[in-house]
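Q: Let me begin by handing over the structure; questions about it come next.
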């Protein structure tokens with residue numbers, strides 16, 4: 001009987017038009033414990049949202065408005081998770097009703113897209129990383145915790161890669177949340193604008209600290225990201241991360257500086273990440289010192305470059321002056 | 001005081017109902033939480049639109065940058081001739097165009113083309129060498145380039161109009177205004193005996209071919 005139910009569940013999960021079905025029978029009796037796990041799993045997502053001030057602040061650029069819509073959308077993606085965490089029974093009961101009625105695409109309150117479901121499973125799977133590492137087993141354990149069949153890992157064609165990429169993109173969105181928040185604070189006049197170097201230093205530190213809970217297994221995750229079929233995605237995440245950091249640091253360049261700045265920050269970020277992997281000092285102080293030094297290097301290089309350019313211009317002016325003087329002396333400058 | 005106003009607005013939006021907002025957001029229509037303020041480019045709804053808009057802006061920025069450098073090259077050679085003031089005037093208009101696109105690019109977070117240093121040098125060389133052919137040569141180069149650019153702007157206008165004229169009104173306005181300026185430059189060039197340069201047909205077509213290649217490259221790279 002249980003096996004039949006299981007098979008039904010798997011069939012519905014795979015066949016469903018993107019709607020989520022989990023058999024009410026699978027609801028674990030200790031729902032409060034599940035809720036606890038849910039809360040812990042959502043900790044990462046909720047951290048930055050915990051003390052989020054009003055969303056309608058006067059962002060000066062349209063990008064922020066778009067960003068707000070995006071983050072609100074992600075909050076909505078997070079909302080079904082919180083919703084399901086707090087009222088699992090109610091949602092279980094209503095979901096089977098809506099799953100067949102909503103086939104026309106009319107989105108009811110309980111409708112969840114496949115992407116949202118995948119995101120939920122992967123986020124739940126993050127809990128099991130310390131136990132299983134960055135593997136499909138972790139995803140399966142996460143699915144089971146949500147009351148779904150472990151066969152739902154079949155949804156993830158990339159296996160562990162999906163888990164790592166999901167985590168990376170989640171961290172990136174959290175960082176963007178935090179940076180946009182800081183930006184708003186500055187706009188509202190409640191905070192002082194930071195210098196770019198200091199801003200970037202803080203941003204990189206915030207971002208790398210998100211890896212601390214998973215630092216034991218992070219080398220495994222990095223090697224997964226370096227697999228050939230994952231490289232385009234991981235590069236895309238890295239480039240959007242660096243672009244966001246520079247944007248909020250105040251970079252608005254539209255020439256080659258756009259490229260050089262991002263290349264420099266990518267180098268800093270990657271090397272600092274590698275240092276962090278083998279750092280054993282307390283609270284990773286060595287890593288932050290390394291970061292400080294690298295940023296200082298780049299700042300020095302930029303200053304030196306400016307100085308060289310200024311010197312070069314002066315030298316050229318001097319040479320031109322000398323040439324004109326010579327022409328005057330030899331009488332070649334006369335106009336006859 | 002600022003804060004009070006914002007908390008008031010926030011509580012207003014709360015009254016609308018988080019459930020309704022959540023529903024709207026699940027429908028994948030990003031809620032425009034406030035007016036677009038002053039922004040020429042609307043926020044892209046999906047990655048396709050973003051790709052299209054970014055390509056358009058990238059290539060337009062590259063084009064104005066190149067045009068700038070072409071006029072700089074022409075001025076370097078013909079700056080002190082009788083054509084100097086005219087070229088300077090056209091150059092100043094291009095500077096305005098470039099400044100506008102710089103602003104738009106920064107605002108919309110568009111990646112500038114990586115070929116900028118190349119267009120820097122190539123534009124200057126083109127302007128200078130066409131000016132070395134004489135005043136008519138410089139004017140012929142202007143005619144060729146401006147014709148390419150206005151044709152290119154026209155095709156962009158057509159594409160945007162096909163997509164959604166209402167959504168892109170400000171952007172269309174900007175492009176139309178710039179296109180009109182470029183056509184004016186084109187006509188000025190013709191008025192100043194561009195066609196009397198020997199080998200006009202070859203020169204014009206060669207330059208236009210180069211422009212087409214530049215446009216193709218800048219859209220992608």
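A Cβ is built for glycine as well, from the same backbone N, Cα and C atoms used for every other residue.
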Q: TrEMBL has B:64, B:94, B:97 down as binding Fe cation 1; which of B:162, B:163, B:170, B:182 does it also list for that site?
A: B:182
Q: What does TrEMBL list, out of B:51, B:136, B:146, B:147, as binding the same Fe cation 2 as B:94, B:182, B:185?
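A: TrEMBL lists B:94, B:182, B:185 binding Fe cation 2, and from B:51, B:136, B:146, B:147 it also lists B:146.
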Q: Please tell me which one of the binding-site residues listed here (B:64, B:94, B:97) sits closest to residue B:185 (Fe cation 2 binding site), measuring Cα to Cα?
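A: Smallest Cα separation from residue B:185 (Fe cation 2 binding site) among B:64, B:94, B:97: B:94.
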Q: In whole Å, how far is residue B:146 (Fe cation 2 binding site) from residue B:97 (Fe cation 1 binding site) when you measure between their Cα atoms?
A: 13
Q: Please report the Cα separation of residue B:182 (Fe cation 1 binding site) and residue B:146 (Fe cation 2 binding site) in Å, rounded to an integer.
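A: With distance taken Cα to Cα, residue B:146 (Fe cation 2 binding site) is 6 Å from residue B:182 (Fe cation 1 binding site).
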Q: How would DSSP class residue B:64 (Fe cation 1 binding site) in three states?
A: helix
Q: Around the recorded Fe cation 2 site, report the further residues of that chain (criterion: Cβ within 8 Å of the mean position of the Cβ atoms of B:94, B:146, B:182, B:185; site residues excluded), sequence-ordered.
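A: The answer, listed by sequence position, is B:67, B:90, B:93, B:142, B:145, B:149, B:150, B:181, B:183, B:184, B:186.
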Q: Taking only the Cα atoms, work out how far residue B:94 (Fe cation 1 binding site) lies from residue B:146 (Fe cation 2 binding site), in Å, as a whole number.
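A: Approximately 11 Å lies between the Cα of residue B:94 (Fe cation 1 binding site) and that of residue B:146 (Fe cation 2 binding site).
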Q: Within 8 Å of the Cβ centre of B:64, B:94, B:97, B:182, which other residues of the chain have their Cβ, at the recorded Fe cation 1 site?
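A: Close Cβ neighbours, site residues excluded: B:63, B:67, B:68, B:93, B:96, B:98, B:149, B:178, B:181.
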